[in-house]
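Novice: Checked TrEMBL, it gives:
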- A:493, A:656: Mg(2+) binding site (BINDING)
- A:650, A:651, A:652, A:653, A:654, A:655, A:656, A:679, A:680, A:681, A:682, A:683: GTP binding site (BINDING)
C-alpha cells in the first residue's frame, strides 16, 4: 500500500504537461513498477467458460458494494486513497487537452449519476481509468514521455480491481449487482465487438491492444480513430460504414471527401440507408472544420454523387422496378413519398402510396406515370371492397364508414385525387370523402393518411413537373456524345449549325450571332482579297496578251502607252491603296481597324475591274463555292448594322471565329409523322440528351494529339465532301494534295486512334447536290484512290419517267455508293468492324435530321447489342448492294 | 516576277536552308565530344542512391471525375490547381488535401491550368482556343460557380499550355495549336506580342509547352510538334533566339533548369534531353531501353527538375515516373513501381516552389503528392 501511494504522490510532483528540456538527468527517472507482478491478476484469469470467447472484455461499471473487500485483502486501503492522486493527473491532462478533457470528466460524472448508491470512491476509479486512457494516448501521440509511467501503473491497478470485481459478481453473492453487471456486460460486448472490428488493423503493440480493449467499454462512443472522446463529443460519422470520428480526425480519415462524408476506404461504396436522411445536411463538426464554401462543395458532392443515390432498381412500385426517370419523377413531385429500398404500391388515381401488403402510408402526388399497374391484393386487404381496383384493408373500411360512404355489398369504388368517389361503371359522383372536417381528425386516429393541400395539382402541372424532372435529373446522367469531325470544307460546320437550328429553341445566342457576324465579315474581306489577287493575275495575263498583240501588229506607233496598259482589270490608285491596306490588315488579323468601311468596299465592289474578275469566279481555285452567295451582298454585309440571317449563318464558313471546338446539347423531338402512335420508346427518347461536338480538323493538330480527350463519345461522325475527289489543297510546304486523299488520311488517323478502338463510326458523305452537278464534267477517276471506278452505264442514260425522275441509279448515286464502299473496305481493313454510311446535304435540314437520327439509331443498337438483343433496321447499307 | 517563278525560288531557298541545317547538325555532332554522363563518370562521380522509402506518396487528392490533364503549384502557401476532363478546375490545399475551390468551366475540354504568382487567380486553356482567367476571390454566382473574370481570345487553335510570368502578375504566356505563343496582358486582355506564326523562324507545328526562365523572365522556351524547342526573348517577338533540334518526336514538355542556363525537354520519342541555352548544344539524352516492340514506347508527358537540378522527374504515358540523376543519366527511382502509385498515364507533374514535394496528376483521376520520407540532407 505504502509503496503504491508514494509512487503516485511522486507522480503528482512531476509536471505532466511540459516536456522536459533540461540537461540530461544524472539519475534514472523512476519507472519502477512497485507492485509485485505475481500479485496482479492478468486477463488470462478469465474462466474459459465465459461467454466471451476471444475478446477479453472487462465491463465498465463495477459494483461498489462488493468491490474493495472481496478479493484483494492485501490492498484494501490503496483503493480508497488511490483516486485522489489519480484524479490530479487527469485534471492536468484535461487542462492541456481542451478538446477531450471535459468529456472525460463528463463520463466520470455519468458513472456516478447512473448509480446513485455507488460510493464516490468507485466512480472515481472509473474516472481514473478513463484518465489512463488519455495518458495512454498521449504517450502514443506525443512521444514517450517518462511521466507516463505512473499512469501505466494506475492502469494496472484499475484493471486489477475491475477484474477482482468481476470474479465477485460471478460469485453471485449479490443478485442485483449480478444482473446489473450482466446488462453492462451485454452492452459492452456489442460495443467492443464493433470497435474491435474497426480497430483491428490499427492495433500494433500487444500491450496497447489490451489496454484499448479494456477501455473500450468505458469509452463507448469514442472516436474510432484516436479513441478519445465520449459519446458527448461532437463527432462526424461515415455515411457508408457509420464509423464515428471526432473533429480532430475527420479530415484525416475522410480526406478530400469526393463523395461526401465517407472514410477514404469507403469511397465508392453505397451509403447506409439509415443515413440517407443526412445526405447533404452538413453538421456542426464539418462547419467548424471547413469554410462555408468548402462545406457547400462537400455537401453538393455528397448529394449529387452517383454512388450515394438510391438506386432506382431497389425500389419496386406495383411490382415493377423503377427506372431512372421514374425515380426522378417520384423525387421531384410536390408530395414525394419517403423512398427507401423496398416494395411499394401506388394508386395513380387517388395518390395513395403504401408498402406492399400494408395499408396506405401516405397520399402522394397522383397521376405520376410510375411503376406497373396496381394489383387488387396490393395492400393485402380482405374486405372485398375495391378502391381503384385495390382491395382495401379493414381499417380503411372503417374510415369509409366514418366518412359516410355506403359500403354494403362490397361495392367497387373509383376514388379521385380530390376525394370524390363514384361507383365503378357509373357516372354520377356519389360524394366527397375528404369533404367532412372530421375526417382530418379521424384519419390520424386510424393512422391513415390525409391528403395535404399540395397533393392535388392539376394534370397540367404534373406534365410540367415531368418535363422539369426530365431535364434536371439527367444533368447527373452522362449524355450521349457525338463527335463530328471532318476535313476542312467537308461540311461539318454546316451540319453542326443545321443541328442547332433543328433541335434548339434558341439556335444561336446573341454573342454567338455577333461572333458569326464577325466571322462572315472577316471572310468577306478574305474573299475580296482573293478577288483582288485574281484581278492582278488577270491583269497581268491580259497585259501579256496585249503585248503579244502589239508585237503582232507592230505598226510602230506607240500611242499613249498609258491607255494601252489600262485593261478591263485595272483599278484606280485609290482602290489600289485600299486593297494593299486590306491585305495588311487581314494578314495581321486586326480587322477592327478597318471596319466598318462600307463606302470604300462599295466603290471597290462596283468597280468594273472587280466585276470583271467576279465574272471569272470559277477560275479562282482558292475561292470557295459559297463565296458568291456573300459577295453578291458584300456591301450590305460590310455595314456595321448588318445582322446575319439564319441562311447567312448556315452558309458561313465555320462555327466560331477562333476555329475552336463547338458543342451543343439537344433532344431529338419526337417525329411528327408518327402521329397518334407515338410509342413508348420514342417518348423515352425525347428524354435523352445528346451532345454534338464539332472539332475543326485544323485544330486536331498533326498527330491528332488530343483525341484522347474524347474517350467518352458514343459515336464518331466523320464527314467527307464527295466533291473533294477532283479538288486540290496546297499545304504550307507547297505540297499539293488531293482533298479526298487528305480526308482519307485524316479518316485513317482517327479510325486507328486507340481512343476510338471500340467506337462506332458513321461516315456522312456530304455535298451530294454538288456532286450531281460535277460528276458529268469531271470523272471520279481523277482521284487516284478511285481509279478503278467503272460504273455500269445504263444503255439509256437519258431515260427518265414522265415526271423527270431518273430511273435506276444516277451517276451521282453510283458514285456515292462507290465512295461509300471504298471507305467501308478501308475501315474494315483497319479495324475489322463495320462502318455506317449515310449521305447528307448540309443545307438541307431534312437530310441532316435523317443523318443525325441515324447516328442515334446506331448508338441505340450499340446499347442493345450490349444487352444481347439483335435489332433489324430499315437503315443499314450493305456493301454487297454495290457490285463492280 | 511571276508567281511560278517565285515558287521556284521559294523551293530552292527551302532546299538551301535544309542543307545548311543538315551541315550545322553535322558540325555540331563533330564538336560534341562528350556528354554530361560520360564526363561525370570520368570525374569519378556516382549516381545518387535512393531506397524505396525515400520518396513516399503522402497524399492522394481525390475529387476529379475525369482524367487529370494539368496541374500547377502556387509559389507559396502550398496550393495546387488541377484541370481535368470532367470540366473542372480544382484548387487544393496540398497539406490538408482539402479542396478550396472547384470551378466549373464553360468548355469542359481543358488542357492546361496555371496559378498566378500572387495566388489570387488561376488561368486555364483548352480546346475552346481561349485562355480563361478566374479570380479566386470573386463572388460566386447563384449556382455556386466562380465567374470568368477574363477570357483571352485570339488564338486560332487549341491552347495547350499557359504560364504566368513569374514576377509579373499581369503577364501570361500561352502556347497554342496555331503554331504560335502569345504574351498577354491579363488586365486588358490584349496580346502584347505573338511569337511565331507568320514569322519565318516560328514553330512549324502545334506548340505544346512553354517554360519561362525564372532567373530572367524575359526568356522563355517552347516545345512543339515540329520536334524542336525554341528559345524566345519576350522583347523580340519577330524571331526565335535559338532553335534546338534533336528529338525524333513531338516535344511535349519543356522546363528550365533551375540555374536558368539550360533547359530540359520531354518528347514522344520517349527521351528527355538537356540543352544548353548559350551553346545550343544538346548536353545529355535521358533514355531508357525499352524491351518489346518499338510501337509501344511510352512517351514523356511531363518533366520537372529538383531545386538543385540533380534530379529530373519525368512522367510517362505508361504510368511510370522516373527519377533521373541528371549527372549520371541513370534512373535512380521509379515511382510507378510503388504499391500506391498511379494506375494510368501520368499526364502532368510539378515540383512545389520550395522543392519539398512533387505532385503528379494522372488519367486515373487522382493527384498524388510525393515527398522525401527518409532523413536526408539536401541533395
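Just so it is clear, glycine is given a Cβ too, placed from its N, Cα and C backbone atoms.
Remember, predicted model here, so these are calculated numbers, not experimental data.
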Novice: Note down the number of other Cβ atoms within 10 Å of the Cβ of residue A:652 (GTP binding site), including every protein chain shown.
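Specialist: So the number of other Cβ atoms within 10 Å of residue A:652 (GTP binding site) is 21.
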Novice: What is the one among the binding-site residues A:493, A:656 whose Cβ has the most other Cβ atoms less than or equal to 10 Å away?
Specialist: A:493
Novice: Return one of helix, strand or coil for residue A:493 (Mg(2+) binding site), based on DSSP.
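Specialist: Going by the DSSP assignment, residue A:493 (Mg(2+) binding site) falls within a helical segment, counted as helix.
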Novice: Rounded to the nearest Å, what's the C-alpha distance separating residue A:493 (Mg(2+) binding site) and residue A:654 (GTP binding site)? Just drop the number here, would you?
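Specialist: Cα-Cα, rounded: 5 Å.
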Novice: For the binding-site residues A:650, A:654, which one has the sparsest Cβ surroundings, going by other Cβ atoms within 10 Å?
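Specialist: So among A:650, A:654, the binding-site residues given, the one with the fewest Cβ atoms within 10 Å is A:650.
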Novice: Measuring Cα to Cα, how many Å separate residue A:656 (Mg(2+) binding site) from residue A:650 (GTP binding site)?
Specialist: 12
